[in-house]
Amino acid sequence: MPHYHRSSFRTFILMMMALTLLVIGRLHATSNSRPPFNFTWPTKKASEVEGDLILGGLMMIHERQDDITCGPVMPQGGIQALETMLFTIDQINPILSSTVGFTIGAHILDDCDKDTYGLEQAVAFIKGSISNIDDTEYKCLDGTVPDVRNKVISGVVGASSSGTSIQVANLLRLFKIPQVSFFSSSPELSNKQRFEYFTRTIPSDHHQVMAIVQMIRFLKWTYISILYEESTYGIKAFEELEVLLAKNNICIAVKERLVKDSGVAGEAAYNGIVHKLNSKPKAKGVIIFGSDQEVSGVMRAVRRNNLTANFNWIGSDGWAGRLLVSEGNEPEVEGTLAFLPQAHPVRGFDNYFLSLTPLNNKRNPWFIEFWENHFQCRYPSSPPTPYNQNWQRTCTGREKLSPEGTEFERQLQYVSDAVMAFANAFKDMHQTVCKGQRGLCKEMVPIDGSELLKYLRRVEFTGLSGDRFQFDDYGDGPARYDLIHFKQVSTGRYRWLRVGEYHSGQLKLDENEELLFRGDQVMPPESICSRPCNGSQAKKYVEGEGCCWTCVECVLYQIRNPDDETQCSACPQGTLPNAERSQCLSIPEVYLRPDTGWAIGAMSFSTIGILLTFAVLGVFLQHNDTPVVRASGRELSYVLLSGILLCYMVSFLFVLRPTDIVCGVQQTAIGLCFSVVYAALFTKTNRIARIFRGGKKSAGRPGLISPKSQLVICGFLVTVQGLILLAWLWISPSVAKHVHPTREDNLLVCSSFTDASYMMAFAYPILLILLCTVYAVVTRKIPAAFNESKYIGFTMYTTCVIWLAFVPIYFSTASHLPLRITSMSVTISLSATVTLACLFSPKLYIIIFHPERNVRQALTVPTSKASIRHSKNNPPSNNGHTQNNGTSEAEPAKGLIALSAVQNQLLPMTSPSGDQQIQSQLLETEVGQDNESDLIVNVMTSGGTTSASRIQLNE
């Protein structure tokens, strides 16, 4: 016997790691195994196929069992998957042999759907790699290389379950052995930093989860339960489901784990799960992410508890289409919708499998167990198993597998594609490395797993199913799913039928296949906790439930908050809820429109005033040079008429739709029109007062009483108001805004109307009104021939009364803005009307009805008493006549001349503009002659005022 020496410490480390994994798995398997029989179970077996490159295979030939290591044989996912691998090798070996000169062999083991047992079995795959590491350093005593060597596994096909694949992948990556799984779909396996050498032909469950959520949305379910198996496959899928369901506002009523990795649950555990599902009776839809064995236990529990009609299932690929679940549980499974990775039959496999018998299939050591299980008989000389002890009938060997009695696994394409992927990778690598040499070159003996992985990820081929295949960027198969539906096709006969597909992120249902749920119902059952509330109702959630609520009616003027459906929100001011109380609608704007009664009344009054103003203006222009017009002060009269006209026109501004510009114009126009009127009146009264007050102090003519001066004074007074208004407009501009006196009002007004700020516009005109009133009182006793103050005074008194009445009306109509605006308009027009009537009607009366009085003599009434004395005792005039008082007869003529001269100073006839005439009645005129050419005239008025003037006497 040869003696070996070891010179590589690395070999020792890898062996110890593998042995550690083996011991851990063995201890775990032993702790769960308590065989009730006296023979060895399970028996270590392997399916062998000779070839130049060996592929390892890890299949779940047997079901998982809690009390023993392996359970009964699995016909579909186990035996059929193994035979698919063997069939595919049979199909491709002739092609490889003829093209590249090598063949593929197989070494297939059983993992019994347990990760720990599968890990133990997978150690066999690395024995060849361990024993052949640095093989040149293993020498016989004579220095030759030993001939006894373990087979080197170039790649592994499997495992079926995600949990087992994760365990095996961690082992195989240590020895750089590529692994291609056909049923492991956990999203965790897409992480290539952890599972560098793992690849799979089936798509990741990430896509299946998205397909399931789209199905839930199609059924309009919002309240569902989830069962998921206690494995990487179930847990990872549930984690993704939970996130994606939450994003789509679908709530989870019950979430329960199905025991798997920690053992096999008993009937009591499944009964408890079913009762928890039934505790939420509104959640009729249930997603089950698990394997067929666990789901079969759930269905049996549903039947035991007589809850068949209470649930409708959404299935994953782990149990969809499996006889283990549906056989014997047809009423419970009826109506199930499930997703399977899209696969087509492997061409020729059905006939191949149906032709197999224990006699012609010696390479499958588990085929006799399948035969016994399928025909419920004991095959002669078969080894004992825990499941063939009670079968009394003996198999004859002449039994035949029939299409009717055989249910084929739908996903066998992925097993075939896994073998095809390795075959194409071997071929591509051989062409590159061996450069056309037939057979394996030394660069491929043993094969470099890291190099093989590169070729494996790049393969692209057409499989035995006829589908084109290639791996995606994550080393996963293409994301294509079939939607299958378990329904009753005839009385007592059920079938899984394809009713749609999920491809490229879209769910599409076949139009020719209708969905049929329990009780031949075409419409899917409801799976919602609470129906949506009306638009006028807010949700009040049930404590601890995310999809269960009661609907609470929102109160008046409220709608449900669009951003928070649990809250009622009051509609903003200016809006009201619609009839459905689902949204707030704007209240139509209300403002003083021209067609309203308030506006029509105000505009009618203003229109009449404008017509009267133009009529007065026309009369004055027509009699522009007559004494009455000249005596009234023509220039200021025209200014006064302009102000009155502006007052009337302001009313039309109030009926325009308020905008920022309209409000600004209103803000300035109101104060400006009044300032024009009362500035002109103030100038009139001030001139009269200054003339007669100046007469007491000096015989000279007072200053600034000419027409031009009067216009300058009036313009200055108006300019002051203009500056005030501009400053106010700059500091606090009036803008259009909506106000809401009541909840159902939406008034569009200028901001100045909502408070007392408009009184700013009246402050300066009020000051002018007060000053005019004072002047009117002061000049009230001036003789009528020289005095308008009586009419001005009456105008001011009436204006004050009008505005004193307006102020309380203005502040008391805050809730009735149309009335407030109308009252202001009428007040302004009324003030203008009073001014027009009081100041201009006496003049119009004379001009129109008594034109004979429209002469200068009528405006200068003779004196009631006159005494004319010479200051010196001059001789009598040439005519020699003297009066009784000793004066000559020529002196009265001089006296009349002197009187006329006084009146000319007060009423200058040369003034082209007709200054404001001050009409007075002279009570006594005393004339004295200072020299031959001058007279001194003292005028005593009815008020006791004396005015002295020096008059030159000439021709």
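Glycine too: its Cβ is placed from the backbone N, Cα and C atoms.
Residues or ranges marked as compositional bias 'Polar residues' in TrEMBL: 873-888.
The region 'Disordered' feature in TrEMBL is assigned to 860-889.
According to TrEMBL, the feature signal peptide maps to 1-29.
Counting same-chain residues at least six beyond the ends of the transmembrane segment (598-621), those with a Cβ under 8 angstroms from any Cβ of the stretch are 592, 629, 634, 637-638, 641, 644-645, 647-652, 654-655, 818-819, 821-822, 825-826, 829-830, 832-833, 836, 840, 844, 847-848. The transmembrane segment feature in TrEMBL is assigned to 598-621 (among others).
As annotated by TrEMBL, transmembrane segment applies to 636-656 (among others).
Marked as transmembrane segment by TrEMBL: 668-689 (among others).
According to TrEMBL, the transmembrane segment annotation covers 710-731 (among others).
As annotated by TrEMBL, transmembrane segment applies to 756-779 (among others).
Residues annotated as transmembrane segment in TrEMBL: 791-811 (among others). Residues of the same chain lying 6 or more positions beyond the ends of the transmembrane segment (791-811) and with a Cβ under 8 Å from any Cβ of it are 681, 684-685, 756, 762, 766, 769, 772-773, 775-777, 780, 820, 823-824, 827, 830-831, 834-835, 838-839, 842.
Feature annotation from TrEMBL assigns transmembrane segment to 817-840 (among others).
Counting only same-chain residues 6+ beyond the ends of the transmembrane segment (668-689), those with a CB under 8 A from a CB of the stretch are 633, 636-637, 639-640, 642-644, 646-647, 649-650, 653, 705, 710, 713-714, 717-718, 720-722, 724-726, 729, 758, 760-762, 764-765, 768-769, 771-772, 775-776, 778-779, 782, 786-789, 792, 795-796, 824, 828, 831-832, 835, 839, 915-916, 918.
Counting Cβ pairs under 8 Å to the transmembrane segment (817-840), the stretch among 636-656, 710-731, 756-779 with the most such contacts is 636-656. Counting residues 6+ beyond its ends, the transmembrane segment (636-656) has Cβ neighbours under 8 Å at 592-594, 599, 602-603, 605-607, 609-610, 613-614, 616-617, 620, 629, 662, 665-666, 669-670, 672-681, 683-684, 710-711, 714, 821-822, 824-826, 828-829, 831-832, 835-836, 839-840, 916 in the same chain.
Proximity of distant same-chain residues to the transmembrane segment (710-731), defined by a Cβ-Cβ separation under 8 Å and at least 6 residues beyond the stretch ends, is recorded for 633, 635-636, 639, 664, 667-668, 671-672, 675-676, 679-680, 682-683, 686-687, 704, 760-761, 763-765, 768, 915-916.
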